[in-house]
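Below is one structure, written out as structure tokens, with a few remarks after it.
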Amino acid sequence: MRRHHLLGLLRRAAASSTSAASSRAGPHPSLHAPGPLRNGGSAPRFFSSRGGAGAASKGLGDDEVELYSLLLGVSIGDEGEASSRGPAASRGGRRGRNSKRQPPRSRFDGDGVGCSKDGKLSWGYSSFQGRRPSMEDRLSIKSTTVNGETVSLFGVFDGHGGPRAAEYLKKHLFKNLVKHPKFLKDTKLAINQTFLKTDADFLQSISSDRYRDDGSTAVAAILIGNRLYVANVGDSRAVALKAGKAVPLSEDHKPNKKDERKRIEDAGGIVVSDDIWRVDGILAVSRAFGNRLMKRYVKAEPNIQEKVVDEGLEYLVLATDGLWDVMRNEDAVSLLKAQDGPKAAAMKLTEVARSRLTLDNVTCIVLQFHHGKSTNSK
């Protein structure tokens, strides 16, 4: 898409908030104001869309709505409350050689907020592109009911070699998981099998060698009643604030770890370092979705932790490595304590990552557990 055409679409989107609504459903109706959903149902009463993509998309054609969805890279489930801010325009020019170093600017950033129907959980998310030439992070949020059980699912996906794998996970991972026949009875088994099957499905969907290097990490939180499951592949990370302390709930999959290196080498791969340890001198994570040429030893098998949600659990952060590259777990939870609600916390985390000159895309979701207190989803 040529730059002048892209700018034209954005200008039209900004100017069209009072136009008549398009007669055709956009590709992401769940980002719009309450109304008919793609599956034929109606948006629940607690679903709301305030401003941003929801308001600006009124009167847009399919291509403009698709543009908003692509820029934000956000998937919100049919039964989740969310609002999102539209993509920000590029700000600032190229930094001169002798100019003062400035934090990287983000061409496309988005943020949003939501809460569960029972009021026990609220969440906020924030993301920005940073210095990378493209945005390869994606996230997915879904709040639904399975056999009468309230289920909330959250995922952050960090693409590499292109956005295709992360986009596929955003669309399919949780859809596949809730359909697993043992999702409620043996959730850990269901998560493990769904991750592996979704990886196989993605590889089958990319027939062209053009996408053979597309891959993605993933970190997901699945809440079923008072049981919390955290699953991760790669180096996107989950960190909880519990009883005032940082508690890691995921394990970074790095090729220099003794067990991971042995597994890779036993399968025929090599691990080498050029300041960063890499599989076959290419990939800086030892597990990932996609990466077809390395699939023998770069698996999508997740580490899974199961926890009981008790009153000590206050917050949970899911974030891509663009955040963790410049922030310790303890720094992240300290920032959470000073913020007013999960959206403010998510935005603060990404702002600090940008101020610390992270070189990568950054996306994070912050969950706040209320334990009978009034919900604050700011």
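The chain as shown is numbered from 1 upward.
Any Cβ shown, glycine's included, is placed from N, Cα and C.
Per Swiss-Prot, the feature region 'Disordered' maps to 1-59 (among others).
The region 'Disordered' annotation in Swiss-Prot covers 79-115 (among others).
The annotation domain 'PPM-type phosphatase' is assigned in Swiss-Prot to 122-369.
Sequence-distant neighbours of G159 (Mn(2+) 1 binding site) (same chain, six or more apart, CB under 8 Å from its CB) are E136, D137, R138, A165, A166, E167, D214, G215, S216, listed in sequence order. In the three-state DSSP scheme, G159 (Mn(2+) 1 binding site) is classed as strand. The feature Mn(2+) 1 binding site is assigned by Swiss-Prot to D158, G159, with similarity to another entry given as support.
As annotated by Swiss-Prot, Mn(2+) 2 binding site applies to D158, D321, D360, with the evidence given as similarity to another entry. All protein chains included, D360 (Mn(2+) 2 binding site) registers 22 other Cβ atoms within 10 Å of its own Cβ.
D158 (Mn(2+) 1 binding site) sits 8 Å from D321 (Mn(2+) 2 binding site), taking the CA atoms of both as reference points.
Among the listed binding-site residues, namely D158, D321, the Cβ with the most fellow Cβ atoms inside 10 Å is that of D158. Those same-chain residues not listed among D158, D321, D360 yet with C-beta within 8 angstroms of the centroid of the Mn(2+) 2 site C-beta atoms are D137, T217, D235, S236, T320, G322, L323, W324, D325, N361, V362.
In this structure, D321 (Mn(2+) 2 binding site) is part of a helix by DSSP.
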